[in-house]
Amino acid sequence: MTSCHIAEEHIQKVAIFGGTHGNELTGVFLVKHWLENGAEIQRTGLEVKPFITNPRAVKKCTRYIDCDLNRIFDLENLGKKMSEDLPYEVRRAQEINHLFGPKDSEDSYDIIFDLHNTTSNMGCTLILEDSRNNFLIQMFHYIKTSLAPLPCYVYLIEHPSLKYATTRSIAKYPVGIEVGPQPQGVLRADILDQMRKMIKHALDFIHHFNEGKEFPPCAIEVYKIIEKVDYPRDENGEIAAIIHPNLQDQDWKPLHPGDPMFLTLDGKTIPLGGDCTVYPVFVNEAAYYEKKEAFAKTTKLTLNAKSIRCCLH
């Protein structure tokens, strides 16, 4: 018999989150649709729960009410004593943790798909938090293969000092899905179709896995975050240069030392320094102006996964 890495157990509980950011409308629209008619997301033997994560922000069509829901799922915020004085999103995070967690427990949901849009030209993107997770690498390989020839990129946010504390991190297997470009507060049919297909293929993978299909060893190309880059700023902290036209919409493309990065209003080009080629992502993302992030630098690498098969009882 072929030796293989056996994944822990079959997958039982899956959640699909929309509206973690209330103005990213593809996930909101799909989740609302699936709450009314969820036939397309159901798979035999699998509990799939669509869920609106930040209903107040969705109602106002804004990213958040008090603070970013997708950055506060750490033990400090989840452990705060519940009171009306807490920011709305912290209270909501505790409610979500109660419903789908608790985080880092045996009772937490197996998989959470968190649906997002970006204003950046990132196409279909899967966000991975753990480079050693054979199950998710296999799932992402399946999704990428199923979507081809449509490109699907994998963004690895594993980093020693950049801690995200994402909404989906309460699950055993957290999956971020990011599709763009799409303006905030807008629905685009092409973007919706791409996100819908990503979810379909992900659920198909889980179904095949649960039925005992063995997935042979595989490898995927990923883009691992190195650092986030702020806009150049003046002495008052105001933005002093904008994304250069040569960099705009060039997510995932190589940016070499000396290539144009920013452009000042008086026409001066600010190039990339250093001696390493990087791959920019979230270029000129609207939501990241407040976070002082013009783009993120990534490096390209390959992740390998062992063969996996479900432990059938």
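Every residue, even glycine, has its Cβ placed from backbone N, Cα and C.
Straight from Swiss-Prot, the features:
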BINDING   H21, E24, H116  Zn(2+) binding site
SITE      R63  site 'Transition state stabilizer'
BINDING   R63, N70, R71, Y164, R168, Y288  N-acetyl-L-aspartate binding site
ACT_SITE  E178  active site, proton donor/acceptor
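Structure with Swiss-Prot features highlighted.
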residue : record                             : DSSP (3 states)
H21     : Zn(2+) binding site                : coil
R63     : site 'Transition state stabilizer' : coil
N70     : N-acetyl-L-aspartate binding site  : helix
H116    : Zn(2+) binding site                : strand
Y164    : N-acetyl-L-aspartate binding site  : coil
E178    : active site, proton donor/acceptor : strand
Y288    : N-acetyl-L-aspartate binding site  : helix
Would you count the other CB atoms within 10 A of the CB of R71 (N-acetyl-L-aspartate binding site), including those on all shown protein chains?
17
Can you tell which of the recorded positions H21, H116, E178 lies nearest to N70 (N-acetyl-L-aspartate binding site) in space, using Cα positions?
H21
With H116 (Zn(2+) binding site) as the reference Cα, tell me which of the recorded positions R63, R71, R168, E178 is the closest one.
E178
By the count of other Cβ atoms within 10 Å, pick out the sparsest of the recorded positions E24, E178.
E178
Just to verify: the residue among H21, H116, R168 with the fewest other Cβ atoms within 10 Å, which of the binding-site residues is it?
H116
Between the recorded positions H21, E24, R71, R168, E178, which lies closest to R63 (site 'Transition state stabilizer'), Cα to Cα?
H21
Taking the centroid of the Cβ atoms of H21, E24, H116 as the Zn(2+) site, which other residues of that chain lie with their Cβ within 8 Å of it, listed in sequence order?
G19, T20, G22, N23, G27, R63, N70, L115, N117, T118, E178, A287
Between the Cα atoms of H21 (Zn(2+) binding site) and Y164 (N-acetyl-L-aspartate binding site), what distance do you get, rounded to the nearest Å?
15
For Y288 (N-acetyl-L-aspartate binding site), nearby residues of its own chain (Cβ under 8 Å, 6 or more apart in sequence):
F282, A294
Let me check the 10 A CB neighbour count of R63 (site 'Transition state stabilizer'). How many other CB atoms are there?
20
